[in-house]
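Asker: First the structure, which I've put down as structure tokens, then a few questions once you've had a look.
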Amino acid sequence: MDLARQIAMELLDIQAVYLRPQQPFTWASGVKSPIYTDNRVTLSYPETRTLIENGFVKQIQKHFPNVDIIAGTATAGIPHGAIIADKMNLPFAYIRSKAKDHGVGNQIEGRVYSGQKMVIIEDLISTGGSVLEAVTAAQSQGIEVLGVVAIFTYQLAKAEQAFREADIPLVTLTDYNQLIKVAKVNGYITADQLVLLKKFKEDQMNWQS
């Protein structure tokens, strides 16, 4: 089994991902979604965590071999990023969603330098907005962001467009298409539910109609 399928299976097994087309979740944006993802759960399962961190290292070495520093997004990317940096013997920093309003007002915590080549770690890509704000924060300090690596992406067109416009490569360990395929093969969803899940990916506002 390849890594993408293996991680998709793990996310389903440990209930980091819930698929509920008949009882949709409501996202913070108000969108009714047949899927809910909480990849923070992966940290509680050592075998799953090791699989994910080794997958991160493999993808970084493959796509971004010249990396100087690993950064995690606050808060979900921090634990994964710290483990990855340790495995790769690289410096680590994390990037807040906004600068602190006290102290020295840092948005990036850790020792970073202009000219460093950074890879940013995120756990989940939905629209891509928050991690691309982290990219901008790093770039504003003269850091070269080589790319973003995440556990999972919903593969929404809005996110793909945002990464293209930002000219930032995105690499994920697994994705929505892989997950729903694995879910169907392993009996987590029915054929009818698979149809709804495919419709959601294409049209988040009208998939239920």
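Residue positions begin at 1 at the first shown residue.
Glycine residues also receive a Cβ, built from the backbone N, Cα and C atoms like all the rest.
Copied straight from Swiss-Prot:
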| type | residues | note |
| --- | --- | --- |
| BINDING | Arg96, Lys100, His102, Glu122, Asp123, Leu124, Ile125, Ser126, Thr127, Gly128, Gly129, Ser130 | 5-phospho-alpha-D-ribose 1-diphosphate binding site |
| BINDING | Ser126 | orotate binding site |
Asker: Compute the C-alpha separation of Arg96 (5-phospho-alpha-D-ribose 1-diphosphate binding site) from Ser126 (orotate binding site), stating it in Å without decimals.
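Answerer: Taking the Cα atoms only, Arg96 (5-phospho-alpha-D-ribose 1-diphosphate binding site) lies 18 Å from Ser126 (orotate binding site).
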Asker: For Ser126 (orotate binding site), just count the other CB atoms lying within 10 A of its CB, please.
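Answerer: 20, counting other Cβ atoms within 10 Å of Ser126 (orotate binding site).
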Asker: If you run the three-state DSSP split on Arg96 (5-phospho-alpha-D-ribose 1-diphosphate binding site), which class comes out?
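Answerer: Reduced to three states, the DSSP call for Arg96 (5-phospho-alpha-D-ribose 1-diphosphate binding site) is coil.
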Asker: Does DSSP put Asp123 (5-phospho-alpha-D-ribose 1-diphosphate binding site) in a helix, in a strand, or in coil?
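Answerer: It is in a strand.
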Asker: How many other Cβ atoms sit within 10 Å of the Cβ of Asp123 (5-phospho-alpha-D-ribose 1-diphosphate binding site)?
Answerer: 25
Asker: Helix, strand or coil at Gly129 (5-phospho-alpha-D-ribose 1-diphosphate binding site), per DSSP?
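Answerer: The three-state answer is helix.
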Asker: Here are some binding-site residues: Arg96, Ile125, Thr127, Gly129. Which one has the most Cβ atoms within 10 Å of its Cβ?
Answerer: Ile125
